[in-house]
Amino acid sequence: MITLTELKCLADAQSSYHILKPWWDVFWYYITLIMLLVAVLAGALQLTQSRVLCCLPCKVEFDNQCAVPWDLLKGSENASSNSGLLLPLPLRIQNDLHRQQYSYIDAVCYEKQLHWFAKFFPYLVLLHTLIFAACSNFWLHYPSTSSRLEHFVSILHKCFDSPWTTRALSETVAEQSVRPLKLSKSKTLLSTSGGSADIDASKQSLPYPQPGLESPGIESPTSSVLDKKEGEQAKAIFEKVKRFRLHVEQRDIIYRVYLKQIIVKVILFVLIITYVPYFLSYITLEIDCSIDVQAFTGYKRYQCVYSLAEIFKVLASFYVILVMLYGLTSSYSLWWMLRSSLKQYSFEALREKSNYSDIPDVKNDFAFILHLADQYDPLYSKRFSIFLSEVSENKLKQINLNNEWTVERLKSKLVKNSQDKVELHLFMLNGLPDNVFELTEMEVLSLELIPEVKLPAAVAQLVNLRELHVYHSSLVVDHPALAFLEENLRILRLKFTEMGKIPRWVFHLKNLKELYLSGCVLPEQLSSLHLEGFQDLKNLRTLYLKSSLSRIPQVVTDLLPSLQKLSLDNEGSKLVVLNNLKKMVNLKSLELLSCDLERIPHSIFSLNNLHELDLKENNLKTVEEIISFQHLPSLSCLKLWHNNIAYIPAQIGALSNLEQLFLGHNNIESLPLQLFLCTKLHYLDLSYNHLTFIPEEIQYLTNLQYFAVTNNNIEMLPDGLFQCKKLQCLLLGRNSLTDLSPLVGELSNLTHLELTGNYLETLPVELEGCQSLKRSCLIVEDSLLNSLPLPVAERLQTCLDKC
């Protein structure tokens, strides 16, 4: 037998799902319990009470009905007097029935004559109740829905109990209490100083978000910081909410299952209300039982009594009332689901009241679950929404970040870079720790692979900050921070992971002198938008661009006329149009790297103030235009390295002011004698070519300090090379030298000598005369050092070890 506890479990879901049950689900639950009690009571009465009592056998039948003998006799006399006939009375067997015969008749009449509704009424009530209970709890146990609901309830309880939720709600209450005070203060300021109001209004017009600043005289009630454990727990909840939302918002299976449950309930309600009242009239107290058992008892018809008829009528009527209440609430819930947009849930009201204005609206099953939770208690959705807000998550990340990155840990990251500046390099963090602004000695701040960085007003504490590097990171600058950067920042390096637009705050850095942009999008045609931006960078002197362009952007040539250095790395894409270079008359240094240039652009020859030209990693095969460089009287540095140049034109001798010449990594086989007319040369790089000899005329380069012919095919060095007394760096590695002239000892200023990769067998003793040569700067095989006489080797070793 099914116990009451087991029946209760069928009608009630797990208690953990109570927050997902609206008031009608609770109402259904209690009605279902009462229905179960009705079914159990009716079943118990039917099992314990006598079913049918057949105590009165019918001895006389008249007109196919049971009649009392004298009534039958009176009727017969009337009939005979009218017809004139005398009907004989039927004869019957006169004997009493045994108790076993009565029991037999009871059983036969119960099975054959009692209406089926009266017999199965308790079971029908039980069946209906079980169907109602199953429909109410099916969505809680169906695998596709129960897993999502269980996950949601688990997360919701964690959100409700998290200290971060309490902190966030407290911040909202605190800010709402502070706002009236701020408004009253602002009205007072507006009434007393109209000029300052205009200034504030102009600042508000900038297209950047205002920072959330607290009033100095009011202490925030949420100033307490979460400990590390609580912060990690809140962080885990944020991740769970993200994954849950991504998973649940894709489908609406919970909504559809819940809707189908209610539709089944309404259909069952209509069915019960239709047939139960109709068959209720078949439950009668008296039953006329006509059965063919006359051979056993002597009677054919019996007058029976169904003792449970009246109480079953009462229970059935009460059951109908319960079903009507159940059906009406089911109809209301169906109307609620069809009327409302339950697949969309908006936090608009909450966004207006709280300081988390970025709480997103949700859809599908996620929205439906929140609607159900609102029917139970709207506070659950409010607390849950805290973990949907990116602003809230960023605040938590900031707190966790501050706990992890203390001042001591940040100070240990400070280093001196190659420019002898104090630099802090932060890599792959969740944000910018607040303790960074305590490092007042920092000069360079480098941020790499940090998804969201916000520079608050506290950046003004970095009084020595002059350089900012932002690599593959998103940087948002507050107004007070922007004002500080405008006055102090001199160098800015921006590198984007994907092609992106230049942040608007860059154009407000009026004192910026060097700007390095990698992976940004610059329009090739001038527009009013960029006209308003670039023209404010009046102090910009150096611009580095790394992108794929077909022409030099017009915003650079037209809006930055005072630019002195322009570097363009085109990443191998062909740079077609260069005519607009003529406008940059103040340019002193020009770098066109990886632009797939086949010839030297003629527009370069109009840059009269040009000092340095770098055409590295292009596709230059000939440089016949080199004669035109004589129109650039200030040109002192020419870099044509990493190309496919086969020869140097004789006209190079016209570049009398040339001081540095880079021709490495080409296909040059010989040097023209006119090259040595460039007597001002002090840096000459001819490494990685196909040279076989060096002309004796190199002696005319009396100012030569750096000479590199690494990785060539040179077999002998001219004596004229050793007449370059100012030579400091001599790179002769990976050639075919078999002998080093003793004249090398005359290079008293030599500090760096490379000889490795040749066919030398000994080193000249005269190396001892190179007083400035250090051991770390002598690149030679150890076996050659051992070939020197011992006194010379020891003396040279002693001199070299002083480095």
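Start at 1 and count along the chain as shown; that gives each residue its number.
Cβ atoms are placed via backbone N, Cα and C, with glycine included.
Of the listed cysteines (CYS58, CYS66, CYS109), only CYS109 is recorded by Swiss-Prot as the disulfide partner of CYS289. The membrane topology recorded in Swiss-Prot places LEU20 on the same side as LYS240. SER196 is the residue among SER76, SER81, SER196, SER567 that Swiss-Prot labels phosphoserine. Per Swiss-Prot, the annotated phosphoserine among residues SER186, SER392, SER527, SER670 corresponds to SER186. For the repeat 'LRR 2' (440-462), the list of distant contacts is 211, 213, 394, 414, 417, 421-432, 434, 468-478, 480-481, 484-485: same-chain residues at least six beyond its ends, Cβ to Cβ under 8 Å. Within the model, the topological domain 'Extracellular' (283-307) carries an average pLDDT of 68.
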